[in-house]
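Structure first, commentary second.
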Amino acid sequence: MESSLRIVAITNCPAGIAHTYMVAEALEQKARSLGHTIKVETQGSSGVENRLSSEEIAAADYVILATGRGLSGDDRARFAGKKVYEIAISQALKNIDQIFSELPTNSQLFAADSGVKLGKQEVQSGSVMSHLMAGVSAALPFVIGGGILVALANMLVQFGLPYTDMSKGAPSFTWVVESIGYLGFTFMIPIMGAYIASSIADKPAFAPAFLVCYLANDKALLGTQSGAGFLGAVVLGLAIGYFVFWFRKVRLGKALQPLLGSMLIPFVTLLVFGVLTYYVIGPVMSDLMGGLLHFLNTIPPSMKFAAAFLVGAMLAFDMGGPINKTAWFFCFSLLEKHIYDWYAIVGVVALMPPVAAGLATFIAPKLFTRQEKEAASSAIVVGATVATEPAIPYALAAPLPMITANTLAGGITGVLVIAFGIKRLAPGLGIFDPLIGLMSPVGSFYLVLAIGLALNISFIIVLKGLWLRRKAKAAQQELVHEH
């Protein structure tokens with residue numbers, strides 16, 4: 001590769017908390033070590049930071065897009081005519097060297113209307129999962145803000161403040177705060193569906209998807225026992241997104257073309273999907289959601305524990321990867337229906353791999369390298385706020401023992417969370433969630449967390465010790481054979 005390249009990059013992930021900034025830092029460090037100049041735009045939970053200007057993009061030799069929730073059409077249009085290397089953000093951290101070595105051969109030339117591949121790269125830039133994660137990322141602030149308000153109202157009631165609703169006269173302050181909080185959960189579903197659709201087809205899909213998903217989730221309007229919930233958001237968001245994506249390709253002539261996006265697409269899409277949702281999609285999705293809720297509420301304990309083990313194991317298995325995200329999405333989506341115990345598994349298990357790895361370096365330092373020991377304190381602090389990604393470097397160094405230890409401990413801890421009846425109202429601050437009212441009971445949370453960490457650390461020490469001894473023995477035998 002030629003020396004002193006000018007590179008620009010964008011990083012984003014569904015939560016916008018850990019991967020976004022860790023990958024940005026890794027890209028910057030690697031570029032500097034190779035003598036390149038780089039600027040990375042981060043699209044995290046705090047919004048867009050270090051935004052790339054059109055001049056910087058124009059001057060760049062290559063563009064790196066490490067994304068977990070996709071990019072809007074407007075964002076992608078910024079790179080028309082540029083050589084672009086795309087990679088899933090969950091893969092970027094472990095393949096930093098590969099990214100830079102493959103820039104000349106595996107980049108894509110973005111045309112104004114479509115991407116034309118130059119190299120061998122096979123990247124699904126618009127995968128269904130990336131669209132779903134765009135919806136989840138947009139819904140997070142609604143749930144976080146709403147969940148904290150609901151928790152605050154509950155805490156105020158526990159401190160003795162009155163709780164009266166409108167049916168008993170003037171509502172109390174605690175009722176008002178709680179009601180505002182529940183609005184976050186109410187709008188979580190239409191926002192999720194709207195951003196799924198707009199991730200596929202940009203702004204013209206946003207309004208129809210928002211309104212139709214709101215309709216699908218309103219059981220009073222539909223006359224059903226349950227709203228469509230996250231199932232409706234996923235199905236309708238994807239359907240409307242792809243419908244509008246196709247609709248935008250219609251050519252009406254110069255005089256009428258400007259009306260397509262502003263008038264025809266919203267009108268036709270809302271009419272078609274609004275009617276379909278009222279008579280068909282809404283009732284069907286509502287029945288499915290009602291069946292799922294009934295199953296979760298009446299599931300036998302043995303089966304519930306088995307499911308909890310599976311969810312916990314999935315959350316700990318690939319630390320922010322697709323398996324983790326699938327389990328996380330399932331648990332998160334149930335919050336809107338006020339089912340909080342499954343999301344409590346996320347609140348405990350997600351922080352265990354990095355914290356356990358960090359603590360294990362202090363307990364058994366001989367099992368870890370100097371770099372791993374130096375990163376231990378950071379892994380503990382960052383991991384304690386439910387950012388699982390700091391565990392990735394430890395897993396890359398010793399995949400079999402670390403992933404096995406995390407998965408076993410995660411599964412067992414998932415069972416304990418359900419057994420102790422722990423609930424989590426919304427995403428928060430990890431280990432501090434009980435202190436701000438987001439997780440309860442407080443004592444059960446810290447007890448289960450302590451047990452889970454003890455198991456995780458024990459598994460790491462035993463399994464990695466065996467793995468290192470076996471590795472050393474194999475190396476010694478190979479040395480003997482050579483002589």
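Every residue gets a Cβ built from N, Cα and C, even glycine.
Quick caveat, the model's predicted, so the values are computed rather than measured.
Summarising the annotation, Swiss-Prot assigns domain 'PTS EIIB type-2' to 1-105 and lists sequence analysis as the type of evidence. What Swiss-Prot lists as active site, phosphocysteine intermediate is CYS13. Residues or ranges marked as phosphocysteine by Swiss-Prot on the basis of sequence analysis: CYS13. Annotation comment: Swiss-Prot describes 128-475 as domain 'PTS EIIC type-2'. Annotated transmembrane segment per Swiss-Prot: 132-152, 180-200, 204-224, 227-247, 264-284, 303-323, 344-364, 380-400, 402-422, 442-462, in sequence order.
Among residues of the same chain six or more beyond the transmembrane segment (180-200), those with a C-beta under 8 A of the stretch's C-beta atoms are 69-70, 72, 126, 130-132, 134-139, 142-153, 206-214, 216-217, 227-230, 232-234, 236-238, 240-242, 244-245, 335-336, 338. It is 380-400 that, among the stretches 132-152, 303-323, 380-400, forms the most Cβ pairs under 8 Å with the transmembrane segment (344-364). Ranked by number of Cβ pairs under 8 Å to the transmembrane segment (402-422), the listed stretches 204-224, 303-323, 442-462 are led by 303-323.
Applying an 8 A CB threshold to same-chain residues 6+ apart, the list for CYS13 (active site, phosphocysteine intermediate) reads HIS19, THR20, GLY44, THR67, GLY68, ARG69, ILE89, SER90, MET133, GLY320. Panel annotation: around the transmembrane segment (380-400), residues 17-19, 22, 93-94, 315-316, 319-320, 324, 346-347, 350-359, 368-369, 371-372, 406, 427-432, 463-464, 467-468 of the same chain, lying at least six beyond its termini, place a Cβ under 8 Å from a Cβ of the stretch. Within the same chain, residues 13, 18-19, 90, 129, 330-331, 342, 345-346, 349-350, 352-353, 388-389, 391-392, 395, 403, 406-415, 417-419 sit at least 6 positions outside the transmembrane segment (303-323) and bring their C-beta atoms closer than 8 Å to a C-beta of that stretch. Summed and averaged per residue, pLDDT over the domain 'PTS EIIB type-2' (1-105) gives 86. When the domain 'PTS EIIB type-2' (1-105) is classified with DSSP, helix, strand and coil residues number 39 helix, 30 strand, 36 coil. Remote same-chain partners of the transmembrane segment (204-224), defined as residues 6 or more beyond its termini with a Cβ less than 8 Å from a stretch Cβ, comprise 186-187, 189-198, 232-233, 236-237, 240-241, 244-245, 247-248, 261, 265-266, 269-270, 273-274, 277-278, 281-283, 285-287, 290, 336.
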